[in-house]
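Notes to accompany the following structure.
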Amino acid sequence: MACDSPREPLLSGSSNPNPRMSSVATAQKRRVLRRARSAPQASLAPPAPAGKDSDPVPLAESIFGKLHPSIKQVAVYLAIYLGLGTLSFYFVKDDFIGKKTNNLLDALYFCVVTMTTVGYGDLVPNSSAAKLLACLFVFTGMALVALIMSKAADYLAEKQEILLLKAMHRDIIGPSEVRKEAGTKKAKYKCLLAAGIIGVLMAVGTIFLHRVEHLGLVDSFYCVCSTVTTLGYGDKSFSTSGGRLFAVVWIILSTLGLAQLFFYVAEVFTESRQRELVNWVLARKMTAVDLEAADIDSDGHVGCAEFVLYKLKEMGKITQDDIMVVTEEFEGLDVDQSGSITACDLVLAQPTEANK
């Protein structure tokens, strides 16, 4: 590639004294900034093996076509925990006292109740070995719950990004409108969805306790509430084999679902405060002090890029450290120190074979 071609910086100033040409150049600069895109997704994908063509990575394949890696990882950890816990508590089954049904089912039921910190008290360890074992699994269970919450948040965030990209490619509405709509209502939609799921789980649990465990409607709802919130008073619990088999799945879903709901509620309030700050920043009038602070290169003029950076800093979107890191990367790519980056700079900035 030849590197002696004349440069045409996108956002450099024009020396044309014609006011009309100057206004056209300014409009072009604004259009360039509005068209600025993030890094292509393909550049973030792992490189293709040697000798194979680098086909585009099917972004939606891992979520909609196959099981997501985060869900696989959580499922493996959960299966290991429940498997080891069930076997461990089964081997010390004689050291437990309380309402017993089936030894293997009781071991699995006690493992789930321990992991979710419900702790009804209908089955309790009665020896030193069983108590120490329960202490071990209650801490590892809480760590597993934290991991599940983290992976669930990652999965939902990635799924939202995929849906956003698909909507943008359909060209139903403009990309800027899609981003604005997703940014302002995404957290509320997730919060409402989580609340609906919790409502369904609580209704199912109440009906099941009333029909199978033969509790009154009030007692059934009382037991559901104490279980979902992990209080587990213990005066009402699952005492039959069918009830405990149902509880193994229902307790995990309901307790994690409520925790996820609280997480989304906190996210809604956080985003609301952030939007209030953004609106305040955008509505505030520019002062001479702001002009001086926004003038990064201290030339007495504030360009569009400088103004955008200053406003983003005020909104809390970026920090000065973020700007310094990006600036250092830019200076590393600007090999000839001309103030702009071209394809020649990218070629020259690549490490040579001798330096690898």
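Glycine residues also receive a Cβ, built from the backbone N, Cα and C atoms like all the rest.
TrEMBL annotations:
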type	residues	note
COMPBIAS	12-26	compositional bias 'Polar residues'
COMPBIAS	28-37	compositional bias 'Basic residues'
DOMAIN	78-157	domain 'Potassium channel'
DOMAIN	198-270	domain 'Potassium channel'
REGION	1-55	region 'Disordered'
TRANSMEM	74-92	transmembrane segment
TRANSMEM	104-123	transmembrane segment
TRANSMEM	129-149	transmembrane segment
TRANSMEM	189-209	transmembrane segment
TRANSMEM	245-266	transmembrane segment
Item checked: Tally of DSSP helical, extended and coil residues in the domain 'Potassium channel' (198-270) -> 56 helix, 0 strand, 17 coil
Check: Who are the chain neighbours of the transmembrane segment (129-149) in space, where the CB to CB distance is under 8 Å and they lie at least 6 residues beyond its ends?
Finding: 74, 77-78, 81, 85, 88-89, 92, 95-96, 111, 114-117, 255-256, 259-260, 263
